[in-house]
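Colleague: Structure in C-alpha cells, see below.
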C-alpha cells in the first residue's frame with residue numbers, strides 16, 4: 001500500500017511540475033521590442049492592408065475584435081509560433097517604467113522579440129528611453145483576450 005501511495009505522490013508531483021513548466025513557457029523577461037508602422041486606425045484595422053501574417057485566419061474577424069487591442073508582431077523566445085500565436089494576447093510591461101498594456105498578435109517578426117505597432121510602443125515608452133534607444137526592453141506574458 002505504501003508503494004502505491006508513493007507512486008501516486010510521484011505522479012502528482014510530476015504533473016504539477018509539467019503544469020508549472022508550461023505556464024513558465026508562456027512568458028518571457030527582458031525581451032527586445034521594436035516598433036512597426038501598422039497604424040491600424042489609418043487602414044480601418046484591415047489586416048490584409050497591413051500585410052499581416054495572421055490576415056489569413058483573422059482578417060474577417062469583426063471590427064470590434066480587430067480594434068480591441070493594439071497590434072504586435074510576435075517572435076518572442078517563449079510561446080506559440082506561426083498560426084498558433086495569431087489572435088492571442090500578451091500583457092507587455094516596459095521594464096524601465098512598469099507601464100503595461102495588452103496587445104493582440106497579428107503578425108510574425110524576426111527580431112527575436114516583439115514588433116509593436118508604433119502607437120503601442122509610444123504608449124509604453126512613457127519616459128522616451130525606447131525612442132532614444134530605438135527599442136524597449138519588455139516582459140510579456142500570454143493572457144486571455146476575453147473575446
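Counting starts with 1 at the first residue shown.
Just so it is clear, glycine is given a Cβ too, placed from its N, Cα and C backbone atoms.
Below are the features listed in Swiss-Prot for this protein:
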type     : residues : note
SIGNAL   : 1-25     : signal peptide
DOMAIN   : 26-147   : domain 'Barwin'
DISULFID : 54-86    : disulfide bond
DISULFID : 75-109   : disulfide bond
DISULFID : 89-145   : disulfide bond
Colleague: Including all protein chains shown, what's the count of other C-beta atoms within 10 A of the C-beta of residue 54 (disulfide bond)?
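Modeller: Its Cβ has 24 other Cβ atoms within 10 Å.
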Colleague: Could you give the Cα-Cα distance between residue 89 (disulfide bond) and residue 75 (disulfide bond), in whole Å?
Modeller: 13
Colleague: Have a look at the disulfide-bonded residues 54, 75, 86, 109 and say which one has the shortest Cα distance to residue 145 (disulfide bond).
Modeller: 86
Colleague: When neighbour density is defined as the number of other C-beta atoms within 10 angstroms of a residue's C-beta, which of the disulfide-bonded residues 75, 86, 145 has the lowest density?
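Modeller: Sparsest of the disulfide-bonded residues 75, 86, 145 by Cβ contacts within 10 Å: 145.
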Colleague: Under a three-state reading of DSSP, tell me whether residue 54 (disulfide bond) is helix, strand or coil.
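Modeller: For residue 54 (disulfide bond) - judged by DSSP and reduced to three states - the answer is coil.
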Colleague: Might you list, by sequence position, any residue in that chain lying six or more from residue 109 (disulfide bond) with a Cβ less than 8 Å away from its Cβ?
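Modeller: Result: 36, 73, 74, 75, 115.
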Colleague: Within 10 Å of the Cβ of residue 89 (disulfide bond), how many other Cβ atoms can you find? Include all protein chains, please.
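Modeller: Counting Cβ neighbours of residue 89 (disulfide bond) within 10 Å gives 20.
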Colleague: Counting by DSSP, what is the helix, strand and coil composition of the domain 'Barwin' (26-147)?
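Modeller: Grouping H, G, I as helix and E, B as strand yields 28 helix, 42 strand, 52 coil.
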